[in-house]
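Novice: Would you mind keeping the following structure in view while I ask a few things?
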Amino acid sequence: MASYKVEQLPSPLSVLGEGPHWDVERQSLYYNDIYGGSIHRYDYAENKTYNATVDGFPVISFIIPVKGNERHFIIGTDRKVTLVDWDGRSEKATFVRTVGEVEPDLLDNRFNDAKVDSRGRFYGGTMRLEAKGDIFEMRLGTFYRYDAKLGKFVTLKQKIGVSNGLCWNDAENLFYYIDSCDLDVKEYRVDENGDLSNERVVIDFRVNGEKPAFVPDGMTIDANGSLYVATFGGSTVYKVNSKTGEVELEIKLPCEQVTSAAFGGPNLDILYVTTAAKEFKTPQPAPAGALFAVTGLGVKGTPMYPVDLD
């Protein structure tokens, strides 16, 4: 069994840290604080985190680099995908344009987790605002991919509670997805267009039909196809065999609200983990909200990709 080490990295304590994205070219981890309204870049070589805000956008759901322009990123703002300009060091990023918008009539929805596949296609989903207190019942979210050529969003799944973790096994044309309200991880086959079929439950976190004390949140995958599922309220990242659904390892973090994970570092063998200090609960004591690095797992991740807006 792997003997791992968890290290807190120099970073601000996020209200709701999320969306880790490892950029191979810049050897940096980008992530965001949803309700802190900020974007971040952890520089591996400097062991330092740079932080920025974008005027007019107090809630930022994700950050993803844009192909072909090292200063451009897309961020999630309410129900919009927004293009911003940032040098990765300044304390301010600037609005460039709105890429697209979904659900203009659902004012109590927002984008949540989003990622990009190996062909540069954006996938992301929405959820009802946590403050409404009824996300499990209402299920007003939708999961989309963005067709850059047509300039429109394509609906992949509806009646989503909280659209969350997502990752791909490119070798087998498989996609893994978490709706936190379903308390499970599902697998899909991906076709040439990027559409999904053949739904299969990989793991259900209920125990004898009872809800666990956490909800599954963000997720990543290693080069062997194992999944790493962050648990909000569970202080754990679960390593899950994507074929059998067996939990192969429980990676324990020193805070309760574990939000997402991504492999990075020069060899793609460091698991970076984001956490939250507070959502709509009592503020959690430090180091809740910190960025963590997990080493010694004995595996490598798969590359993450910039979005192709062309």
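Note that the numbers count up from 1, one per residue, in the order the chain is shown.
From the backbone N, Cα and C atoms, a Cβ is placed for every residue, glycine too.
Keep in mind that this is a model prediction, so the values were computed, not measured.
Pulled from TrEMBL, these are the listed features:
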type	residues	note
DOMAIN	16-276	domain 'SMP-30/Gluconolactonase/LRE-like region'
BINDING	E18, N164, D217	divalent metal cation binding site
BINDING	R110, N112, E130	substrate binding site
ACT_SITE	D217	active site, proton donor/acceptor
Novice: Among all the protein chains here, how many other CB atoms are within 10 A of the CB of N164 (divalent metal cation binding site)?
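Specialist: By my count, 30.
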Novice: Using C-alpha atoms, which one of the binding-site residues E18, N164, D217 comes nearest to R110 (substrate binding site)?
Specialist: N164
Novice: What's the CA-CA gap between N164 (divalent metal cation binding site) and N112 (substrate binding site) in angstrom, rounded?
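Specialist: About 7 Å separate the Cα atoms of these two residues.
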Novice: When you average the Cβ positions of R110, N112, E130 for the substrate site, which other residues in that chain have a Cβ within 8 Å of that mean position?
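Specialist: Other same-chain residues with Cβ inside the cutoff are I34, S61, N109, F111, T126, M127, R128, L129, V162.
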Novice: By a simple count, how many Cβ atoms lie within 10 Å of the Cβ of N112 (substrate binding site), its own Cβ left out?
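Specialist: The Cβ of N112 (substrate binding site) has 25 Cβ neighbours within 10 Å.
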Novice: With an 8 Å cut-off on Cβ distance to the E18, N164, D217 Cβ center, who else from the chain surrounds the divalent metal cation site?
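Specialist: Leaving out the recorded residues gives N112, D113, V162, G165, I178, S180, G218, A230, F232, T259, S260.
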Novice: Check the domain 'SMP-30/Gluconolactonase/LRE-like region' (16-276) for me and report the mean pLDDT.
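Specialist: Here the mean pLDDT over the domain 'SMP-30/Gluconolactonase/LRE-like region' (16-276) amounts to 97.
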Novice: Hey, what's the widest CA-to-CA gap across R110, N112, E130, the substrate contacts in the record, in Å?
Specialist: 11
